[in-house]
Amino acid sequence: MAPSKAKNKDFQKTKLKVGKAKPKPGNYTNTSFKAKRVTIKQQSLGIDAPSLQSQFEHHVSILSSASDTQRKESLSWLETALATKTLTWSAPSLLDKLLPLLQDANGAVRNKLIKTLRALSKERLEFLAEKILLHVCAGMTNININIRASALEILGWAIDACGVELVECRGGWFNTLKTYLVVLGWSTIGESSTGWSTNMALAGDTKNIVRALDTLTAFLRLGMIDAGSKAAEREPQADWWSSTLQIHAQPDPYRGLNLMGYDSEGDYSFTRDATHRREIFLSQFRSKFEAGILEIRKQAGEAGRAAAKTSSVVVETMTEADESKVLQDSWAQKMEARTRHIQDRIWTQGFAETCY
Amino acid sequence: MPKRKVGALEKLDADLASLQYKLRRDPLSYKNDFIVQYRQYDAQRQIFLSAPTTANEASTISFRELVEFVAHVADCYPTECAEFPQQLIEILARHHTDLESELCEKIVGSLVLLRKKDLIDSSVLLHTLFPILTSTPRKTLRALVFQKILSDLRQSNSKGTNHKLNRTVQTVLFNIVTADRTSTQALWAVKLTRELWKRHIWTESKAVEVMKECCLADNEKVVAAGVRFFLGGDKEREELEESSDDEDAIDMGKIKHQMGVNKKTKKRAKALEQAAEKVKRKEKKKNQPHPLNFSAFHLLNDPQGFTEVLFSKHLQNTKSKLRLEQKLQVLQLATRLVGLHKLTILSLYSWFVKYLTPKQHSVTSFLASLAQGTHNLVPPDVLEPLIQKIANEFVSEASAAEVASAGLNAIREICVRQPLAMNESLLKDLVMYKKSKDKGVVMAARGLLALYRDVNPEMLSRKDRGKDATIGIRSGEHKEQRFGEEKVGEIDGLDLLEKWKEEERARKQAETGIEEADGEEEEDDAAWEVESNSDSDDSGGWINVGSDDEIEISDSEDERPRTKKAKTEASSEGTIPAEDKENAAELEKRISTLAMTKILTPADLAKLQELRLEASLNKALPTAQRKRLAAQAALQNRHVDDPLTATEIEGLAALSKKATREDKIAKAKEGKGERGEYKSTKAVKQATKQASGKSTTNKEKARKKNFLMTLGKAKGKSKRSLVDKSKVLRAHKEREKRGGRRGNY
């Protein structure tokens with residue numbers, strides 16, 4: 001019997017053709033691979049579980065991972081770990097990793113971030129107020145409205161966590177207020193514009209407006225009303241020795257010397273005290289804020305109520321300003337009288353000397 | 001957070017590109033949105049500035065995008081963005097070394113964009129980019145910055161020369177070059193200047209001054225680059241011009257044909273119109289008088305001082321680190337300047353002595369440089385030992401034929417420029433080589449002989465002088481030129497022009513009125529023409545002294561009075577009989593008045609050129625002689641700006657060796673085009689015809705027609721009537737007599 005066709009095939013010689021690749025043999029194994037990464041199934045063969053600290057470091061490093069779920073999971077791990085366990089971490093480097101997530105495109109990641117931040121212990125966070133505020137301001141002006149909302153939420157947390165330092169730090173007062181103006185769409189109030197404006201800032205979303213106004217109220221209160229009393233608390237006793245020789249407990253005690261050569265004017269400047277901030281607010285922001293608040297109050301509802309609260313803070317500020325102005329005026333009068341007295345004395349002395 | 005409902009309009013804005021599009025459409029309405037994004041940019045900038053060195057690609061991506069966004073819409077909100085350019089400049093200036101590369105490029109690009117939108121001016125941009133160009137260690141950034149600088153300069157010079165900007169940039173470059181002579185930073189100056197010179201953007205002396213400083217630098221690379229600019233910059237410029245001419249040639253015929261074939265639309269009609277306009281403009285440009293392009297050599301300020309320093313610093317100085325090739329280039333530059341400007345550097349010639357041996361590497365280049373550096377104001381006693389040395393070292397029976405021919409050729413080239421450098425006995429010796437067995441040597445010796453027959457035949461032995469020269473000596477026409485003697489300048493062929501003008505005038509007069517005097521006058525003119533033709537015959541071949549020509553052209557605007565060249569005068573005195581001498585003087589006077597009284601228009605100059613050409617060809621000479629004369633004239637007409645190269649010295653060596661078969665084949669194929677496969681000449685012709693877009697003739701069409709299509713007609717043949725058949729047959733007979741359908745009739 002003739003061999004079957006299939007069997008015959010095995011013994012046939014394959015024809016080689018010019019310009020064609022050589023046919024592969026039957027037992028050929030394809031060893032090429034396309035993956036950019038090689039995944040090894042067993043990564044760690046150690047018997048001991050990784051220590052808590054190394055796990056922490058691992059999760060912190062994953063925070064900048066490309067995958068959403070990974071970021072989210074490591075954030076949730078961090079959240080629980082920070083709340084329950086004792087870990088050694090440096091706030092600046094951790095926040096360096098955490099804060100960029102504020103502008104994360106994924107909402108779930110941002111929500112987790114807020115929770116994680118809340119889990120952080122608040123001590124010594126005031127040292128990082130400037131950094132936090134920079135990221136918050138960036139988030140507040142993000143093109144994505146959801147990110148803006150998250151940023152506002154984090155600002156609320158920051159007001160709690162950092163306290164007065166938030167308004168005293170570089171750019172803390174002026175820049176934040178300016179950002180508020182822009183975000184609420186009040187920056188162009190009073191300008192005559194021929195175009196119709198959509199005012200995409202936060203318009204149409206009451207929830208966001210309420211959130212913005214709430215944080216604004218808290219921020220203004222912190223900057224102009226609470227700060228005065230707090231600063232008075234913090235002020236060292238009128239002991240001349242301790243006030244001159246002791247290093248202050250506040251962050252950046254030598255701020256007054258301006259060692260870094262920052263501008264004393266402009267968006268990113270220091271605001272020394274509540275009176276200074278009040279001055280800035282009254283001179284540069286009041287009119288626009290008042291106009292904007294009035295407009296929102298007209299809408300009534302939840303937003304209107306929030307606006308009413310804000311306006312009450314503004315009013316309070318103004319009365320306080322008046323008071324301090326009265327105080328200041330009296331002080332100025334006193335000073336004037338004193339200088340005049342001194343001048344008189346000098347003059348009379350000089351006169352006496354010349355006579356002599 | 002619960003999912004919020006997002007309006008369609010909001011959704012769209014979730015990316016900067018669409019927002020940018022909207023902003024550009026209606027800046028006023030979207031002002032709020034812009035302000036928000038500008039704050040965002042500002043915040044991102046602050047974040048970046050808080051840690052500029054640690055920022056990586058991922059963290060700066062949003063900042064990068066925002067920079068681009070703001071740069072694109074900055075012109076819509078000038079007051080809001082007033083500080084934007086300054087901020088970018090600051091970032092770039094402070095952090096360009098450690099900036100993330102993409103961000104860096106984006107910032108550079110944005111600055112250029114702002115320049116295009118006229119938000120910053122060119123000088124600000126260039127002052128920002130120049131320090132980066134010279135100091136950054138990044139290669140890609142350097143390339144980018146260089147390209148941007150170049151394009152900005154081109155842009156701002158596109159509509160008219162921006163003198164102010166050019167001057168500031170040139171000053172910056174000059175300072176870069178002179179600030180630190182040992183550094184390679186000056187290479188950027190060279191690169192930029194060369195590029196702009198090539199593109200005709202910088203044509204003034206300040207640019208040349210920058211290159212001059214480069215030539216005097218301490219760094220070898222910079223020196224080489226500077227020297228190469230002088231030696232090759234002008235040629236490069238011309239080449240670019242030619243290539244750009246060829247590149248965008250529009251075939252009007254083709255476009256018109258396409259218009260006829262394709263559907264007619266307004267767009268196509270417009271395209272045709274534009275093409276026509278472009279062609280017209282180009283034609284106009286071509287016909288315009290050539291812009292005065294001084295070569296870099298002519299724009300040099302103080303060539304004597306420059307050449308002296310160049311020579312003493314790079315050549316004479318034993319500590320100079322230049323390689324031999326670089327030294328040769330410097331030598332070429334120095335000698336070219338000496339020859340062109342007739343400079344006097346006596347130490348140059350004694351320096352040459354040690355290099356003039358056949359064993360010296362690339363000695364022909366040295367010989368060429370020596371010849372190039374010779375001119376009629378070089379003292380002959382300086383050159384004499386050099387010539388003697390060349391003769392001793394190169395030209396002897398024992399030396400190889402190539403060496404001897406190169407030596408003789410070099411001597412000839414030197415003596416063309418300074419004939420007084422030769423002494424009589426040496427010349428007699430050298431001329432003897434015309435009896436050599438080697439063809440190259442023979443040709444070289446004959447060249448020398450021909451030169452001295454013309455220049456100073458008295459130095460030759462009697463039998464070598466030749467007929468013309470002997471007659472010349474006897475008639476006292478040949479005067480030995482003394483050292484330092486200059487010929488009186490004139491415009492070559494001006495007499496021809498004047499004659500032509502007179503002729504024209506006469507013709508016009510004749511046409512308008514006076515009929516009777518017409519014939520007589522014409523005859524007179526004709527006679528005059530013949531006379532003058534023979535007159536310029538004698539001078540035609542040998543008068544052209546290029547350098548004088550060049551100078552005349554350059555200052556022809558102020559139209560100084562010119563007199564006829566002394567030599568022409570001498571020759572005309574020789575040929576014209578004594579009684580005509582007065583006539584000749586009168587003629588000469590008239591000629592000089594033409595250039596004095598009138599400004600020659602471009603049309604005049606064109607006619608002058610034409611007449612000159614005609615005069616050199618239209619001779620009653622045998623063809624061979626005419627050819628020879630033309631070749632000689634071509635050799636003489638070599639522009640004085642053109643360098644003398646080693647190949648010209650070596651030229652005759654090719655005759656010394658016997659050509660191989662391959663050489664012969666290559667030479668035969670030289671002029672002919674590429675021929676891929678075997679084809680008849682006719683087929684080649686047809687292919688070229690078709691390639692140029694021309695159609696075939698009816699006959700060709702008939703021959704190529706499909707056979708099956710012709711069958712139907714052929715069938716009709718059998719049904720022809722008897723009369724028809726006989727007609728066809730008769731025609732056939734007739735055709736046979738003529739020799740076929742395509743026969744010779």
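Think of each number as a place in line: the chain as shown, counted from 1.
Backbone N, Cα and C define each Cβ position, glycine as well.
These numbers come from a predicted model, not from an experiment.
Note: the compositional bias 'Basic and acidic residues' (B:475-486) comprises 1 helix, 0 strand, 11 coil (DSSP; helix = H, G, I, strand = E, B). Look at TrEMBL and you will find B:475-486 (among others) tagged as compositional bias 'Basic and acidic residues'.
Positions annotated as compositional bias 'Acidic residues' by TrEMBL: B:513-538 (among others).
Marked as compositional bias 'Acidic residues' by TrEMBL: B:547-558 (among others).
Feature annotation from TrEMBL assigns compositional bias 'Basic and acidic residues' to B:664-680 (among others).
Across the compositional bias 'Polar residues' (B:687-696), DSSP helix (H, G, I), strand (E, B) and coil residues number 5 helix, 0 strand, 5 coil. TrEMBL lists B:687-696 with the feature compositional bias 'Polar residues'.
Positions annotated as compositional bias 'Basic and acidic residues' by TrEMBL: B:721-737 (among others).
Taken from TrEMBL, the feature domain 'SDA1 N-terminal' applies to B:69-437.
The domain 'SDA1 C-terminal' annotation in TrEMBL covers B:694-739.
Taken from TrEMBL, the feature region 'Disordered' covers B:463-486 (among others).
Residues annotated as region 'Disordered' in TrEMBL: B:507-584 (among others).
The region 'Disordered' feature in TrEMBL is assigned to B:664-745 (among others).
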Beyond the flanks of the compositional bias 'Polar residues' (B:687-696) by 6 or more, those residues with Cβ under 8 Å of it: 251, 253-254, 257, 679, 704
Helix, strand and coil totals (DSSP H, G, I; E, B; other) for the compositional bias 'Basic and acidic residues' (B:721-737): 16 helix, 0 strand, 1 coil
Across the domain 'SDA1 N-terminal' (B:69-437), average pLDDT on the 0 to 100 scale: 89
Secondary structure content, the region 'Disordered' (B:664-745) (per DSSP, counts of residues): 54 helix, 0 strand, 28 coil
